[in-house]
Structure formats: structure tokens, C-alpha cells
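Copied from TrEMBL, the annotated features are:
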TRANSMEM  67-87  transmembrane segment
TRANSMEM  99-118  transmembrane segment
TRANSMEM  124-144  transmembrane segment
TRANSMEM  156-176  transmembrane segment
TRANSMEM  233-254  transmembrane segment
TRANSMEM  260-282  transmembrane segment
TRANSMEM  323-343  transmembrane segment
TRANSMEM  355-373  transmembrane segment
TRANSMEM  385-407  transmembrane segment
TRANSMEM  413-433  transmembrane segment
TRANSMEM  445-475  transmembrane segment
DOMAIN    503-626  domain 'STAS'
């Protein structure tokens, strides 16, 4: 069987072979440097290269010369606004992490200064976040009780922050930021929602004025702890907490109704702290069961390099906590930065952001700060306040510095119940049920990942929920690789276009020809499956033709346009498919093999085996060749029958 008389209008070209080192260099460049950061250094003098390199790693040197007074005025307003949110949030989240409240204030001073120099986002406002605080509390609290050994607990928290910074900066320097992409949107939605639910439940301790509370974060443990201590509930604390929570939710509601009201929502936490402190001071509520922060020492961040617990028996727990919180902080910070960059139509470099996050956490761990990133709530306030550059972070840090130097005694009477209300109000915004509903409408599997993460966090632990979600996401990815889709193609009427008959029911199958499309690269993980699936397509097509009485199957065309690469297992699979079709009296035809695929087919001598004349540029040309051969064979058969009839006569 041959098609030598059929002229192919567009023969398939085999690209020239590149040296292995050049191919490896190109692959590494595309993997690690897709943004081509070295292009700006080409044809530059050594001094110019040094300046460009300095600007690349310290972005403030790039935009500072163009900074104007108008920008400064806008950044001052935005910085003061987010400082009013940073002070109560810093104290609240430190309390959530079971750390001294002053560490929360420290964490809003040094890290924002570092980020302002190294970060590439104009809008990101740096600070502590609830989810990371909860992770630190739940993971470190299992090995060290913060109430019984507070000094060692703080040391472990600082050590975890140090390793989080090392891990984050290493990802940035090694250009491995794509690792964070394994946390899918569905995973983050479910994880954040579950963590927010757990945080809200944990704050019932402060709302109800309980002294003793479970260290577990799961729903069952929290509910058991709450309802087993009903005799210790304090109605004074509960009423105060509910009132402030209602006030905070009301201000958020108004801020969503009208954009200008974001000022009210931004100032609401600080207003709550001031009102709560004044109320407790005037009524002496601390003597009636309302717990207060107590003494906060004045002064800036003390150095804490000597406090890093590298010799602690729980060092591995601190490292694990640092890596997990570091990944979560990166995912949240980079996602938030990119989201707001889209509104202003500029680009942020993910690897630069990782370096900035890493360096600010390393610096923070050495200056009595715990893990910081770019929280959504603070960044949204910064954006709405009209920030122009990262100078707003410097203004915020300056305001926090003034607070640390002069205003900390004013927080002595701040009730813990107000801090609990602030945390609950902030966390309610992280339970994104609308995103979950959207996932259900668009992709049921993504919704399953989201709900699995949520259930894992709420009924297990934060770590369990994260592991479940990531595992399911990876399994889904592996399934896509191991079980790629194959489609039966048909001809769109009155055209030379061939598409899936499932998508286009009007597409017609070509008599005597089976056209299949493989929708993924062919690797060792899916080679056996594809061989069996192609064989099944052939069996099913032959059975269908027998039952309908149509012409028998003669050709099998594989559309390889979606196969970007193939390994040795894939080549062996194609050889087996060719042998199987040959045994059945069928001919295997290839259409549109890609550059990498055709090179390997040529090196493996598969082209020589199948015949160059059976490889076509398009499915249309392959079908035309098969139809030509079918008609040629039919004509030859008719001629032989006529000759036999004449001889017989």
C-alpha cells in the first residue's frame, strides 16, 4: 500500500538538530528566566551594568529620582491611614499568635522599611496577617506552651520567621517562584476561608472573657472548650465585644456601599481601640472580668539575633513552621500585589517580591519581629487612600515608630475583647463564599479542592487542610498527565476543517478513515494508557462499521498538533501502535507533528519505518491522501474484475 502518486502540497520539515548544551541552556532560560532579566545588561559598560544591577535588586533606586512632591503628599495621607489600621491589627494578630502585643507593633516598623527599598509593588502595605499568626500559634504551641515558657516560645517564633525569610529569599534568588503556583486559586480560597473560620472561633475566648482555652484549632476542640466553661462566661465582656463587632461590621458595610466611606472602615479599628480603652478606664471594667493588654514598654525594636533558637531541641518544628508560613505568606502577598497592580496597569516581578519578603523577614527576625507579608485588608486601604509608591510604607513605619516611642502607655487599658472583635471583623472578609459558588458553577473539581481545604482546616488543623488541598491539586495534575484526553475528529461540512465530533455534532466521519487527536504530551506516565486507548478506538470504530454496513476501516490518522513533546516511552508506544495497525491491515498516518516530536521521530528512525510519505502537515492533507488511495484501490479492483470477466468470456 503506498501513496507515491499523491503530491503533498506542504511537506513536513525536520528542524536542524541543536547541540545538547545549547538546548539545555535554552530550556533553563525559559524555566528560570521567562522575563529575560539580563537583556538590559547587553552592550553596557561595566559601570553601567553595576548601576543597572543595583537598581534591579533595590528598586527604590530606580523610581526615587522621579519622585515628586505630589506623590509624597498622597503617600503621606495613605501611610497615616494604614498606620491607624496597623497599630490595632499588629496588637491583635500578635495576641492571636500568643506573642506579646508589643511584638505586633515591632513587626509594623522594620519590615515595611525593608520592603519599601526592595519591593516592586506600589500598593502593597506590609504587616502581620491572621493566617500566619494562627499557623505559628497552632504549630509551635504543640511543642512549647506560650503561657508556661513564654521566652522559649518567642524565641521559636523569631527562629521560624528567620527560616521563612531564608526560604522566601532563596526561592527568589534561585528563580523558583513557580513553586508557589502549586497553591491553586481554589486551594487558597478554601484554605483562607477555613483559617478565617478557625480564627473567628478562637476569638470567642476573648469575646466571652475566658481565661483557659484549648490550644487545638479544630471545630470540635473549640466548641468543647467553650461549652464546657459556660459557668465562666462574662456577660460584660460579651456585650462589649458584640457592640464593637457590630460597629466594625457596620462600617465595612457602608464602605462597600460607597467608595468614599473607606476612610470610616480604615479608622474603625483604631476608633474601637480608643473608645474601648476610654470606656475601660472610666468604668474600671478590668475589675469586672474585662481583660486588658496591660503594660507595653516604650522604645524601638530591640535586637534579637541572640534570641534565635538554633540550639533548641524544637529547631525542626521551627524550620517546618517557617517553611509552611513562608509559602502561605508568599502566596498571599504575591497574589495581593499582582491583583492591585492590575488596577494601575503595571507589572510586579514575582521573584523580586520573594526576595523582598525574604529579606524583610530575615531583618525582622533579628529585630524582634515575627512573620510579615502583604495582607489584603491593609493593601486595600492603602490603595483606596491613593498611595503612589512604597513610600506609604515608610510613612506607616514612621507613625508606628512614634507610637513605640511615645504612645504605648495609652494602650494599657485596651480590652482584649476589642482586639477579638477587630480580628473577627477582618476574618469575615476572608470567607469568600462568592468565590466558592463561582468555582461550583465553573469547575466542580476546583470546588471539591476548595471544600476539601476548608473542611480539612476546620475539622482537622491548618496543616492538615493545606496538605489535603495541595495533595488533591497535585493528584488532579497527575491525572491530566497520566490520562490525557483523546478525541474522535470529523469533517466540518463544506470545509477542510476537522474538529471533535463531541464538540461539533455536525462534523462527519470520513469513510474508511479514523481520525484521532491526542491532547497532551506523551510521556512514560501515559504511554501505556494511550496505546490501549487508541486500540480501543480502533475496535469500537470497526464494530460500528460492521453494524452499519459501511466500508471497512483502512487508515488511522493521529493528529499530533497538541503533542508538544515525547519521550522514549512515547516513541515505543507509537512503534507498538504502528505494529498493531499493520497486523490489522491498517495504515498509520501522522498529521502535524511538532518540532520536538518530529526531531525525535527522525532520530528514532520511526519516520524511516513508517515512511516519509505518511506524515502530513495538516489533517486535511492526510485525509486527502487517504481518500486518494481508497479511490485508487477501488479503481484497480474494478479494472481487475472487468479483465477477469472479459477473459472468462
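Cβ from N, Cα, C; glycine included.
Proximity of the transmembrane segment (99-118) to the transmembrane segment (385-407) is established through 3 or more Cβ-Cβ distances under 8 Å for residue pairs spaced 6 or more apart. Counting Cβ pairs under 8 Å to the transmembrane segment (67-87), the stretch among 124-144, 260-282, 323-343, 355-373, 385-407 with the most such contacts is 385-407.
When Cβ distances are compared across the two stretches, the transmembrane segment (323-343) makes no contact with the transmembrane segment (413-433), since fewer than 3 pairs at least 6 residues apart fall below 8 angstroms. When each of 124-144, 156-176, 233-254, 260-282 is checked for Cβ pairs under 8 Å to the transmembrane segment (445-475), 124-144 comes out on top. Note on the transmembrane segment (156-176): residues 32-33, 97, 99, 103, 136, 139-140, 143-144, 304, 307-310, 312, 314-315, 317-319, 321-323, 325-327, 329-330, 351-366, 368-371 of its chain, located 6 or more positions outside it, place their CB under 8 angstroms from a CB of the stretch.
Stretch with the largest number of CB pairs closer than 8 A to the transmembrane segment (385-407), among 124-144, 260-282, 355-373: 124-144.
Under DSSP, residues within the domain 'STAS' (503-626) fall into helix, strand and coil as 63 helix, 21 strand, 40 coil. Taking Cβ pairs closer than 8 Å, the transmembrane segment (355-373) reaches residues 57, 94, 97, 99, 103, 106-112, 114-115, 118-120, 126-129, 132-133, 136, 157-162, 164-173, 301-305, 307-308, 325-326, 329-330, 332-333 in its own chain, all 6 or more past its ends.
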